[in-house]
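Novice: Pasting a structure below so you can have a look.
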Amino acid sequence: MLDITYIRQNQDDVTAMLRNRLLESEIPRVAELLGLDRQRRELVQQADDMKALRNRVSRDIADMKKSGSGPADELIGKMKSVAENIAASDTSLKNLESAIEEILLTLPNRLHNSVPVGKSAEENVILKEQGGFDYPLDFPLKNHTELGKSLGILDFERGAKVGGAGFPVYTGKGARLERSLINFMLDTHTSGHGYTEIFPPFLVNRESLRGTGQWPKFADQVYTIEEDGLYAIPTAEVPVTNLHRGEMLDAADLPIAYAAYSACFRREAGSYGKDTRGFLRVHQFNKVEMVRFTRPEVSYEALEEIRQHAEAILLALKIPYRVLLLCSGDISANATKCYDIEVWSPAEDKYLEASSCSNFEDYQARRMNIRYRPDGKSRPEFVHTLNGSGLATSRLMVSLLEHNQTPEGKVIVPEVLRPYTGFDIIG
């Protein structure tokens with residue numbers, strides 16, 4: 001959530017940001033917001049004046065009763081009128097603050113000055129392409145769904161029978177390979193990169209979704225358990241970032257770095273017509289998430305570290321990938337800057353997104369009221385929050401299976417995973 005003071009002082013910048021994000025329809029809401037803000041500040045001043053008057057009248061009544069200087073009926077009547085006006089003012093103020101918050105919750109975040117202006121994914125900037133791995137794929141390739149079926153390690157048909165399309169089943173060595181990927185990534189991030197492991201709830205309340213920015217703007221993408229007021233998490237970012245909601249963090253504890261595995265659930269509303277084969281678009285998938293809480297002045301250094309930690313997984317697995325800096329028209333509403341990491345699918349002949357690494361500055365922390373004191377006596381400030389996929393296994397599995405296939409239709413297990421799988425080949 002943006003600071004109302006920032007919006008008040010930088011209306012032109014906020015308008016330009018909305019235009020660069022292709023959200024021109026939201027621009028009138030800024031003027032509406034500032035109009036409500038003016039009303040709120042005027043009402044606060046009026047309420048303060050009335051409360052000061054009430055205090056003076058109360059003292060006058062007390063003095064008159066103490067001195068016996070005369071009847072206080074007139075002043076008591078005035079006091080009742082002032083009290084009624086204060087109550088009415090408080091009700092109006094509460095309604096104004098609710099209207100202001102409703103708009104603030106839907107406005108997107110600022111954009112970092114390094115984010116390129118663009119209208120679509122075609123204008124994202126390719127920062128890096130990592131290849132150089134020796135894969136002799138000079139034979140007719142099977143895609144991941146064909147490999148999964150022929151090797152008996154993936155069962156999309158039975159998954160669809162149980163939960164519908166987009167709910168895959170891993171079987172036998174496929175299940176072991178998936179679990180090995182998760183454990184390898186968690187071990188790398190905790191033992192190698194210094195993250196503390198978290199195993200979070202997979203169901204959260206609405207306040208948690210609101211805190212990280214999925215609610216209300218992306219409510220249609222979330223699976224809902226209405227009778228219990230709970231929601232299936234779209235990413236571990238939601239429960240893990242909310243661990244410190246409403247807390248004053250100790251500056252000495254910053255930065256805080258968490259790594260968490262979770263299943264992720266997404267309705268993917270509006271995906272009709274897109275390629276939904278196999279793992280290309282699913283409703284449930286597994287992901288290891290990196291989450292950080294930092295001082296504001298070091299958050300962009302932390303973003304680069306998160307990106308490097310995600311890349312380290314791919315380098316260890318010897319998966320070809322590229323890094324994109326997202327443009328203003330493609331970046332998520334909550335992020336100020338975002339890198340996407342895409343893995344190469346040789347059978348599909350295209351890149352697939354496997355990780356997003358984002359800085360949110362104080363956008364989420366303000367929604368969740370997560371603060372710290374730079375030193376013992378200073379005024380509290382909001383922390384900056386960041387996260388990155390480290391990584392999502394579904395798209396990663398596509399690239400891993402397709403790159404490591406043999407002409408005989410077998411799959412060689414990457415060397416770093418063999419201590420986890422207990423086998424070096426599937427098939």
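Note that Cβ sites are derived from N, Cα and C of the backbone, with glycine treated the same way.
These numbers come from a predicted model, not from an experiment.
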Novice: For the L-serine site that Swiss-Prot assigns to THR235, ALA236, GLU237, SER389, which of the candidates GLU197, GLU289, GLU342, GLU348 is also assigned?
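Specialist: Within the candidate list, Swiss-Prot flags GLU289.
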Novice: Can you tell me which binding-site residues out of ARG266, GLU268, VAL282 are within 10 A of THR235 (L-serine binding site) by Cα, answering none if there aren't any?
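Specialist: Final answer, ordered: ARG266.
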Novice: Per DSSP, GLU289 (L-serine binding site) is which: helix, strand or coil?
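Specialist: GLU289 (L-serine binding site) sits in a strand per DSSP.
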Novice: Given the binding-site residues ARG267, GLU268, SER355, tell me which ones have a C-alpha lying within 10 Å of the C-alpha of SER389 (L-serine binding site).
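Specialist: Cα within 10 Å of SER389 (L-serine binding site): SER355.
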